[in-house]
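Over in Swiss-Prot, the protein carries these features:
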BINDING   15, 18, 37, 40  Zn(2+) binding site
BINDING   123, 124, 125, 126, 127, 128, 129, 130  ATP binding site
DOMAIN    3-56  domain 'ClpX-type ZB'
């Protein structure tokens, strides 16, 4: 190490990086035929410190991968019931991200693992969208939800399939590396089924054509996306996104699919000795457990698309008890949400067990699943929530069965009455 001060006979040493002499700096550290001063060392440390957060962030985004049981436990906090669907999803998602890690480390000669996209089948309001949203939030990966009914073939009015990738990029602030490991949920996939088995002279721009366009995206392709969401024009640079590692989850109600399955599984009989079983004896949930790829093809999905979604899971119809649980148990349960809303007015909300069952029965009658719960509860409380801000002495709002069944106003408990009691 060369000190700052030296005799005049000694040769003056200079920093190999900034060129300052040993007399201009505090310390000059010697290496094999090179020197570095203390100022350059400080500058190097600053550069390293600035780069560390982004490196740590990238490491965290691929950090410890939760196990299938941990993924399912997290789904249990938000989604009631649907045990088979949650287990299937947990394993599929775990294997997908495990595959990506293997791909990063694997050599050229190792076994290449194929991607397993997921198809969720279930009636409306059974939790398909919520499952996908909860998964993405837990894994901290970019997530986008697309509606298949708005998609058309490229060149026609409407959204083309590459808009899905553009939305995914927007959701992660145009970080290409993160977007390529994201999750895409395509809802209403059953609405783009082929209109019939017979080819038509008219072009089906929102049916089979969209399925063909989705096929390449789901399988894995290089999608060209305009930077920062601009319109496409010939003289601009495009962002190239590889969709090979994006996990696609498709969902749909597939109304009428149960008839296709029943026609395949139930043998028709004729004559006095034939065993005739009523189709009404089995629930929709039981029928969907016997689903085969050929049923989806008969329904109107093209065989290539069905083949790209090897993980097929059916969600059960929600029972009355399950709907009551949905009202009260999840982290974001509706009863908790409305209790918080009224608590902001200094009022307590009590919904009696009989009222909860009445709400569940009403939702079942509407055939909208869990999606109908909010509108029923909102309808019963709308008048009370309108009057509460102008009323100062209400302590509690009580919703009983008559409030739901007979559209009566909720009971109001006033503070004076509460004190006397």
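Every residue, even glycine, has its Cβ placed from backbone N, Cα and C.
Sequence features, as recorded in Swiss-Prot, placed on the structure.
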residue : record              : Cβ within 10 Å
15      : Zn(2+) binding site : 21
18      : Zn(2+) binding site : 13
37      : Zn(2+) binding site : 24
40      : Zn(2+) binding site : 18
123     : ATP binding site    : 20
124     : ATP binding site    : 15
126     : ATP binding site    : 27
127     : ATP binding site    : 27
128     : ATP binding site    : 26
129     : ATP binding site    : 16
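Taking Cβ-Cβ distances under 8 Å and a sequence separation of 6 or more, the neighbours of residue 130 (ATP binding site) in its chain are 78, 79. Between the CA atoms of residue 129 (ATP binding site) and residue 40 (Zn(2+) binding site) there is a gap of 54 Å. Along the domain 'ClpX-type ZB' (3-56), the predicted structure has mean pLDDT 77. Within 10 Å of the C-beta atom of residue 125 (ATP binding site) sit 23 other C-beta atoms, taking all shown protein chains into account. Cα-Cα distances to residue 123 (ATP binding site) place none of the binding-site residues 15, 18, 37, 40 within 10 Å. In sequence order, 16, 17, 19, 20, 25, 28, 35, 36, 38, 39, 41 are the residues of the same chain, not among 15, 18, 37, 40, whose CB sits within 8 A of the CB centroid for the Zn(2+) site.
Distance from the CA of residue 40 (Zn(2+) binding site) to the CA of residue 128 (ATP binding site) is 57 Å. When the alpha carbons of residue 126 (ATP binding site) and residue 40 (Zn(2+) binding site) are compared, the span between them is 62 angstrom.
Note on proximity: among 15, 18, 37, 40, the binding-site residues of the record, the Cα nearest residue 127 (ATP binding site) is that of 40.
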